[in-house]
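TrEMBL lists these features:
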ACT_SITE  54  active site
ACT_SITE  127  active site
BINDING   337  heme binding site
COMPBIAS  1-22  compositional bias 'Polar residues'
DOMAIN    7-394  domain 'Catalase core'
REGION    1-25  region 'Disordered'
Ligand code: HEM
């Protein structure tokens, strides 16, 4: 094939890509040098706003294959036959740092899966942790402000991090998780993923189940100690990206086995934990894991910006047979993501290749039109209103999932308390599950952070949470913090 000619953006051949056009040999530049103007102007516009959280990430394509029959629980098309494969795009991420941060840090990891199903894209936007720090979305901007860079110092501040937790006893469970061994995964391949929230599945008889998703890594869990992570973050800030990219390029395709926990909808009201409280797990002895299928990643994106930076996942992208639960955090997220995408990528982000519902026969079909960067004209005969007499797309009359019961009065309510609900019990259970070595590292990690806090009252409030979770846990953290502060 003969080599292609370099062109301007409008396709005209470029004569010189090394020397700008000037008035005479040493003269000033000419405004008529279209190629130079375009190059400089495009360069200035290469960046878009980074994600306000989960800014650093890595992505890959692959597939999901159903291995077990779950048709008693959901009529989701992509889950309806053993052996059925659906293409996926997955983006992993760290949460708190900006794009310029490092991968090997103590932070939750994002685990966002886009299933390109024939009935629409299904986005499962989870983390590598089964729980979260808060249970009401109204606290999310404050929480994130406290964990990201301080507006004055421009860096993460232990004072802010721990001050927020001092005022958020419900975070104790997730803080225990984060400060433990799994707080720094060795790579994206060596961690589990969780939907974290409770979602709803509906079967073909209209029966509803509440469901929690667990992706278990088939590579085995591998984590870094604080010291190992500090060294790696310094040597290769992109360590997770390097690992994922190279593994897939080598043909070593990472995979995860998907399990679910299923709760018949009628059991939710009387369960000992509020099943819609994101700071709580459902112990497996109450709701055992049921295997569903296998997620495999086998193809790197060709262009990180186009396919990873521009990827848009929204927990509101459901498909028939799957829907939301009343979890308030999830409900807040149903708004937040697509709103972020409209700001970060524009209203037509769903037309970008990585986000388009490519497995839906004929693609998306609706009456939304126009807006910045609209590329889908839909042809001269497609009407932009509905109902119409021109055979345009029509509604099905079939809701995607079962309705959720509601009761009571409107108002700002604290989360409902079930019999075993408090902010500390499950944190204590997690602590008591750990081996002595795991406990030792957990205490050292917490003390390493908490001892840097400048105010005694903030330290005291945090210590009270660990005491409430488990007396021994609290005592050991207190002693370790005191020892470090006396140093
Ligand atoms: C009310 C609570 C939350 C709010 C308001 C919120 C909001 C956001 C926003 C605005 C983004 C950036 C989206 C973008 O620009 O593309 C984001 C990213 C993300 N969030 Fe949340 N979030 C919340 C809680 C959670 C929870 C509980 C999880 C996990 C269970 C989670 C997982 C993620 C992931 C994985 C991403 C990155 C998605 C990607 O790779 O593009 N978030 N979140």
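Glycine is treated like the rest: Cβ placed from N, Cα and C.
Help me understand the surroundings of these features in the structure.
Residue 54 (active site) counts 22 other C-beta atoms within 10 Å of its own C-beta, drawing on all protein chains shown.
Take the CB of residue 127 (active site) and look out to 10 A: across all protein chains shown you find 23 other CB atoms.
The Cβ of residue 337 (heme binding site) lies under 8 Å from the Cβ of 125, 312, 313, 314, 315, 316, each on the same chain and at least six residues away in sequence.
Long-range contacts of the compositional bias 'Polar residues' (1-22) within the same chain, counting only residues at least 6 positions beyond its ends with a Cβ under 8 Å from a Cβ of the stretch, are 28-30, 32-36, 38, 42.
As a whole-number mean, the pLDDT of the domain 'Catalase core' (7-394) in this prediction is 97.
Residue counts of the region 'Disordered' (1-25) by helix, strand and coil are 0 helix, 3 strand, 22 coil (DSSP-based).
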Give the distance between the Cα atoms of residue 54 (active site) and residue 127 (active site), rounded to the nearest whole Å.
10
